[in-house]
Amino acid sequence: MREQPVFHLEEHGQTERSQWVLDSPNPPPLWKKIFTSVKETILPHGNKFCFSSKRKTSRGRAFSCLQNLFPIIIWLRDYKASKFKDDLLAGLTLASLSIPQSIGYATLAKVAPEYGLYTSVIPPLIYALMGSSREIAIGPVAVVSMLLSSLVPKVEDPVANPHAYRNLVFTVTFFTGIFQTAFGVFRLGFLVDFLSHAALVGFMAGAAVIIGLQQLKGLLGISHFTSKTDVVSVLASVYKSLHHQIASGEKWNPLNFVLGCSFLIFILITRFIGRRNRKFFWLPAVAPLLSVILSTSIVYLSRADKHGVNIIKHVKGGLNPSSLHQLQLHGPHVGQAAKIGLICAVIALTEAIAVGRSFASIKGYHLDGNKEMLSMGFMNIAGSLTSCYVATGSFSRTAVNFSAGCQTAVSNIVMAVTVFLSLELFTRLLYYTPVAILASIILSALPGLIDLSEACYIWKVDKLDFLACIGAFLGVLFATVEIGLLVAVIISFAKILIQSIRPGIEVLGRVPRTEAFCDVTQYPMAISTPGITVIRISSGSLCFANANFVRERILKWVSQDEDDPKEATKGRVQAVILDMTNLMNVDTSGILALEELHKRLLSRGVELAMVNPRWLVIHKLKLAHFVDKIGKEWVFLTVGEAVDACLSAKIARA
């Protein structure tokens, strides 16, 4: 006598919960979504950004804005002499590595050596004011230098017209800064993510091999060398140059090779010692500068430049000259400069943010990606106006900065001041520096760009990711930088497209002794309800790309259950329940596919039920009158309630 009221009470509760799904509030209109997105973009912290309180005076709000734009204001309050001592040591150690590397990377970018030194002065100072990383070391890097030397010569020849080439490099740097600033202002950091981690690993490795092969020019003392970057062209150029010397009767001078290899071995040995014993962390940092000093002294004292050793000769000193009038913002090459600037912006940001976050996680603090983009953008814009080319965070120099015990970005300031003093006082001493030493310094920095353990990890975890990795590597190695990047992005997008076109469709069963419904493939103990097929669509969207696949897959499963003798013993399928919990959106193609699925199931005498559609999905289904077609009584909040309702309907029919 008491069971019937309880049954009606449960049925009433189930109906009420189903009504909650049907009465979900309508999603906000499109204009409101756009307005909210723009508001969050311009004011990333809502109304609290610079205008956090009505009680604040205009002076307080201005100071809050300054703090947000210049993080140095915040941490400088607690800055102590003990921290400066650590930063001073780190900055001086960093400068000893930055000076020879900057000269080497400038030659790699095919600009005069002093421009590499200029790039280690202004950008680090700007970053110290605006950046949020304490450890990252700013300056020219190998990959970006290689990008410039491979892309810009297609527009201007650095040999035939060096001034026009240099001006175009400054223009590319300006556009790089503009793009990076725009990424930060409009919170477009997701654009950087188009180059996935796996693609970046492959790209860096390919770039390292190409950079290493290009150093054969300086290491072997070759005068005529190809402007192409692919491995076949570089090796062919080396062979032709050596063959031409032999055929013409010229004697190849091995002094460049001996000098370069000797100091390369010296640098690698110091690095090995520094890794084995942390007390000698400074040794691999000062080894490149020590190599420059020793090799320059050897060449000067022995007059080796008279015997075939190539030297860098004149290096212009002094403060960074203005390059504002050299920017080519009008003319036929503006579009190409902007295109190269965009590529450099993405690569430079990806490398810098990856480096910064790696060391920030070790120190246990958060790195603000948008602030990093803003600071990188401003420093490259300022750099383009002061004779600098594209600067970013360097992994090798950041590791040295970290090992030297830096506490804040003051180490960048110390490094920049030291480089500036070197420009003022010591550039004349670099006249006899051999080119082979610069090649050996660049070669010594390349192993850090090749991460074989990470490539093996990618292969082990995700084969499609490894395909993007190897695609980027081979593209850079055997084609061009653009093709390598393009291959990596295409493979990454293809991976997303495949996952969208072929979403996971799971048959669910009830796990014993629980109310949970799980995938029967993952949980073999899950029990399917006879006559009822529960299906979950594991996709964020049911759209034109996957709607037909989902419909045909469901119909195929239903027909298989009817034709399978083992399943036939459990009874004919009488209901299909779609779990839409994971479905965030549906378009008109998806709705048409659902309508076709409903018609086909009805022709077989099978009911269709929906479980927990999200508010945007149920809103569109109501507008399309699909809910009216299947009946409001076939919309449920949980899979359990849907199964119970289908069983009740099955019993009622019987």
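A Cβ is built for glycine as well, from the same backbone N, Cα and C atoms used for every other residue.
Record features, source TrEMBL:
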- 539-646: domain 'STAS' (DOMAIN)
- 136-155: transmembrane segment (TRANSMEM)
- 167-188: transmembrane segment (TRANSMEM)
- 194-213: transmembrane segment (TRANSMEM)
- 254-273: transmembrane segment (TRANSMEM)
- 280-301: transmembrane segment (TRANSMEM)
- 337-356: transmembrane segment (TRANSMEM)
- 377-396: transmembrane segment (TRANSMEM)
- 402-422: transmembrane segment (TRANSMEM)
- 429-450: transmembrane segment (TRANSMEM)
- 470-494: transmembrane segment (TRANSMEM)
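Through the fold, the transmembrane segment (402-422) approaches residues 72, 75, 79, 83-84, 86-95, 98-99, 102, 117, 120-122, 124-125, 127-128, 131, 133-135, 137-138, 278, 281-282, 285, 319, 359, 362 of its own chain, all at least 6 residues removed from its boundaries and within a Cβ separation under 8 Å. Annotation: stretch 280-301 has the most Cβ pairs under 8 Å to the transmembrane segment (429-450), among 167-188, 194-213, 280-301, 337-356, 470-494. Under 8 Å from some Cβ of the transmembrane segment (136-155) lie the Cβ atoms of residues 94, 98, 101-102, 105-106, 108-110, 116, 119-120, 123-124, 127, 165, 168-169, 172, 204, 207-208, 210-211, 214, 227, 229, 333, 336-337, 340, 343-344, 347-348, 351-352, 355-356, 359, 379, 389-394, 397-398, 400-401, 411-412, 415, 442, 445-446, 449, 480-482, all in the same chain and six or more residues away from its ends. When Cβ-Cβ distances under 8 Å to the transmembrane segment (167-188) are tallied for each of 254-273, 337-356, 377-396, 470-494, the top count falls to 377-396. Residues of the domain 'STAS' (539-646) grouped by DSSP class, helix first, strand second and coil last, total 62 helix, 16 strand, 30 coil. Put simply, of 254-273, 280-301, 337-356, 377-396, 470-494, the stretch with the most CB pairs closer than 8 A to the transmembrane segment (194-213) is 470-494.
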